[in-house]
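Undergrad: Next up is a structure, given as structure tokens.
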Amino acid sequence: MVALLSTWPWEGLGSFKYILFGPFLAKILHARHQEDTCSQALWCLHILILCTLRCFMYHSWTAYSNMLFLTRNRRIIKEGVDFKQIDKEWDWDNFILLQAALATLIFYKFPFLADLPLWNTRGFVAVVLLHIAISEPLYYLTHKYFHGKYLFTNYHSLHHSSPVPQPFTAGHLTLLEHLVLAVVIGVPIVGACFLGLGSISMIYGYVLIFDLLRSLGHCNTEILPHQIFEKFPFLRYLLYSPTYHSLHHTEMGTNFCLFMPIYDLLGNTLNSKSWDMHKKFSLDAGKNSRVPDFVFLAHVVDMTSAMHAQFVFRSYGSMPYTTRVILLPWLPVCFVVMLLMWAKSKTFLVSFYKLRGMLHQTWSVPRFGFQYFLPFAADGINKHIEEAILRANRLGVKVISLAALNKNEALNGGGTLFVNKHPDLEVRVVHGNTLTAAVTLNEIPDDVTEVFLSGSTSKLGRAIALYLCRKRVRVLMLTLSTERFQKIQKEAPTEYQKYLVQVSKYQAAQNCKTWIVGKWITPREQRFAPPGTHFHQFVVPPILRFRRDCTYGDLAAMKLPEDVEGLGCCEYTMDRGVVHACHAGGLVHSLEGWTHHEVGAIDVDRIDVVWEAALKHGLKPVSGVRKLIQH
């Protein structure tokens, strides 16, 4: 049986819970329409503004916590925030809705609150004194009680079920706990108002500072220099640090205070390691963190997908990318950020996860997809990629894999440029296209005897054509260049060359139901495919799903092994736990401990080898189609 007040009354509403803010907005709009500046409408306006600011506060702190390029050396608990924790904390903002409702009830109960002045200096003094004298000890005592067996099991264990504290974790509590917290935050405000010292600015200031300190304690990033507490020792008892509260999450019998450790000192619950640990994490901020074993070097795709980064909107980043109308107003901000990145930036850390004790990171080149097609931008992009490879080499990274446009043949020869320029590289540079080819081939059913291939003379197209012809599959290679076609055809064994056929028009495939798309095709060109055609693809961006009488495959991808740890963001349009095949290819290279570079042309003979290695390490194909490659 569910414990009393352990769930929220609007739990089943999902995102529709925000409709509960509707009456506030309706009151404001009605007053505006009637040209009436009544106190009730003004109060509703203040509540909505304050709720918005509070949401912005927690989102900003969460964004900062996930900016690994700033915080990686300051992190207290080193593990990643996984999908399970993100889902648990999805409704972290329930308390803001609750406190808005309670504030409304208080206003209707005490109408004199409508006459509060904008500013009252003595009110700030009063609210601080009431906080120290009432809120701090009240929270300390109730927090200790919530660590009792019954209350912890039925209520407070929810909060501690999040292994890595985040600002959103501060709101991850049951209804009963948030009712208690509402009293804690409400007593100083209501008390100051009853003393005749209240003001609008006092309410805003106290609530937002309260949220700021709650976010600080749960940010899992030590940002307070230990030197401050060493120079002014008494301050350590007046203000807690992120390390101090993180110790409460790892050693739950200590550090119960709200913001002021003096109450832990008085209650004999102060963790003796608090100051030493704070100093350690503060000093570690100047040191390099653990060196990753494998790095996937990605790039930004476009401005809308950029807003799905984990450090922008954590919740959206945990889901496959799709255009969200609610984010479109932020495009101007994203455009400015893009210009700043273009003007002055360097490759940065985006995310990480762990697999079987190995640390895997994703770095991003600070360039958007369209910039890769600007001729004058090529040298700058190659410089960023080269610097990332050299940095990985200095750090001792074992493998660095190049994503999509970072290995573009026209840009750097699929990574060959960097390997030739730096022959003594110890880090292995991998384009991952061997596994990309394997995944694409794996999706083709065994009974297919003919395929149509666009982008047929590209690196991937060549490998796919050569592999299929060995399987006695007839390949219609779309290309206008007879020279390039014949060069590829001559690479095939003599007895299989007849299976490679050059075509120059899409009409040649009007009877072929298996299309492999390696070059973007328009809806008009798709019309030549017969009904029932399946479009396999290795083109970026994916083609438009125009034909309703046909089916479309996704970009080549693989699902990571089940024992992956700390993964909490999706890779572009991929499902949770699924990564692009070039990412998976670098991962396999690292797990196998291969010592060769995988750059330039794809070795067709290694397609089966890489595929079998991927399966051996627990990576799984995403498609459920019967396998062509035998293993």
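Using N, Cα and C of the backbone, Cβ positions are placed for all residues, glycine too.
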Undergrad: Pick from 12-29, 390-407: which range has transmembrane segment per TrEMBL?
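TA: It is 12-29 that TrEMBL describes as transmembrane segment.
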Undergrad: Same-chain Cβ contacts of the transmembrane segment (124-142) under 8 Å, 6 or more residues past its ends?
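TA: Beyond its ends, the transmembrane segment (124-142) has Cβ neighbours at 180-181, 183-185, 187-189, 191-192, 195, 197, 202, 205-206, 256-260, 263-264, 267.
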Undergrad: Looking only at the domain 'Fatty acid hydroxylase' (129-269), how are its residues distributed among DSSP helix, strand and coil?
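TA: For that range the per-state counts are 99 helix, 1 strand, 41 coil.
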Undergrad: May I ask for the residues of the chain that lie six or more residues beyond the transmembrane segment (12-29) and have a Cβ under 8 Å from a Cβ within it?
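TA: Distant Cβ neighbours of the transmembrane segment (12-29) are 40-41, 44-45, 47-48, 51, 91, 94, 97, 100-101, 104.
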